[in-house]
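First up is the structure itself, then whatever we jot down about it.
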Amino acid sequence: MTESLEMGKSIDFNVQTFDFKSAQFYLDRAYANAPFIHCLTNNTTKFFVANALLAIGAKPAMVESWQEVVEFSQRAANVVMNLDSLTDERLRSLSMSAQVAHDHGKWWVFDPAAVSDILSYRSGFARELLRYYPRVIRGNASEISYLNDTYGRRSFENVMSSSEAIEAAVKLAIHQRAVVVVTGEIDYVTDGETILAVRGGHPFLGRVCGTGCVLSAMIASTVLCGDVLYGAASACALMKRAGERAGLTTSGLGSFYVALLDNLTFPMRYQD
């Protein structure tokens, strides 16, 4: 299904709906690869991220010591880098990993967590990492808009809907030669030409710590299906479907967390 979405007064975007049924082909291919994913992610969510990757058939490594990141990033099928939990050592590790990925022509996924004009140190570092051209950039609407210089984000929280950031996502994708994923009530995935909309999910997805970090790591695995755009959208579709199903059987955030991981697990995602 294709819809027309008007942004501002001059730009009219054609947005294609991408659903879970469409994602299954790409998820199968990604699962069969059993890729080794090097994760430099949020310290608060490492356990969740690692288990989610195992659930979808990937092999995670959570190593972030600067003495080891080069070797791990060189050998990984893909690398995901998250700006949460910044320390001097993590900054060094992120820089080294991004550079080795770029120098070796390796893909990597960038999660620019909490970039804003009030966090100049973090945000300046994020722009430095963009010089190493991540293959995928995943963030909420405010983060993506900030990276594209279309919105000065003055809050630690996302204050925009994902649809408000489509134009910024398209421009950022073109400038960075990347696939950009804007997550929200509707996820939008674009390579600068095609725009895919992924609907569904559950309100608890935004209230459980780590779902964004998990999605970024899942994208690092699913894009290895052979098509970066549709692979990234497939990770979004899987997360939305898992959230929907988890919400049917749970009454609070604790049980939802467990049920979400259950519903990410292959091949349970195929059950109706």
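Each Cβ is built from the backbone N, Cα and C atoms, and glycine gets one as well.
Feature annotations, courtesy of Swiss-Prot:
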type	residues	note
BINDING	M62, G210	substrate binding site
BINDING	R138, T183	ATP binding site
Cβ neighbour count within 10 Å of G210 (substrate binding site): 20
The one of M62, R138, T183 whose CB sees the fewest other CB atoms within 10 Å, among these binding-site residues: M62
